[in-house]
Amino acid sequence: KWWVAPLMYFVGIGIVICSCIILKKTKQFAGDPAPFIMELPNYHIPSAKGVLIHVWERVWAFIKKAGTILFLCVVVMWVLSSYGFSHGSFGAVDAKDSLMADIGGAVAFIFKPLGFGTWQAVASSISGFVAKEGIVSTMGVLSGLGAIEDYNASMRTAFDAFFPTTIAAISFLMFNLFDSPCLAAISTVAKEMNNRNHFWYTIIFQNVSAYLFALVVYQLVGLAIGEVAFGVWTVVAAVIAIFVLYLLFRPDPNKKRMLDGSEGVK
């Protein structure tokens, strides 16, 4: 659908804004806004040599990433999805009996409330923590599609096995878009923050918020469009949504504390 990519873009902006508002009202992020200064280079007409150099740097960076991280991810996922234990021996097996099926099936219950409790979808999400592009390659390996250029019936049949409903596929997409980024980005975050506590707080916040957001979307939107039956997790999702709205629109307690402190100084 043409509207999926724009929807994810604007939803991402909304999540960032809402997260900033909620965190700003906590004690850890209270206080006056810190000034942000960025030095910009002088504007000039780009030269052909400069453009070619920058293009080559980006292309070479992608080639190195595709030839190392992505290639390794595809190989590992292929091995895990092609080999396993069967009849007391280790060797080549069907995908449903592979090591990846065992790993994905062991943690699939965690993602079942989000709508994608199949081991294939969970395994694809796990590969996304290494590189987001690995999700697509893993899904291709697990579905056995090979090189399919256009969307066709074979791809639709394979993805129907991963996601039973449309809202389940959207929930899967939202979780993997808004959870922690790939290992390269995570290492950059750790380097820039230079604080172990802040780093782990950031990673945990990203993954927990992505899980809760996907849960709310799947349960409540799915219930509204008739793809999800009412249950315990629907109630949990409703409670989470109400609590988040409360955190978003509640008065800032730190602002009152700061005003009282300034009056005391006077």
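For all residues, glycine too, the Cβ spot is worked out from N, Cα and C.
If you look at the transmembrane segment (6-23), the same-chain residues 6 or more away from its ends with a CB under 8 A from one of its CBs are 29, 173-174, 177-178, 205, 209, 213, 244, 247-248. Marked as transmembrane segment by TrEMBL: 6-23 (among others).
Looking at the domain 'Ferrous iron transport protein B C-terminal' (6-58) alone, the prediction's average pLDDT is 84. The domain 'Ferrous iron transport protein B C-terminal' feature in TrEMBL is assigned to 6-58.
Taken from TrEMBL, the feature domain 'Nucleoside transporter/FeoB GTPase Gate' covers 64-194.
Residues or ranges marked as transmembrane segment in TrEMBL: 66-85 (among others).
Same-chain residues lying 6 or more positions outside the transmembrane segment (199-218) and placing a CB less than 8 Å from one of its CB atoms are 15, 19, 113-115, 167-168, 170-172, 174-180, 186, 189-190, 193, 228, 233, 236-237, 240-241, 244. The transmembrane segment annotation in TrEMBL covers 199-218 (among others).
Within the same chain, residues 18, 21-22, 25, 113, 212, 215-216, 218-220, 223 sit at least 6 positions outside the transmembrane segment (230-249) and bring their C-beta atoms closer than 8 Å to a C-beta of that stretch. Annotation comment: TrEMBL describes 230-249 (among others) as transmembrane segment.
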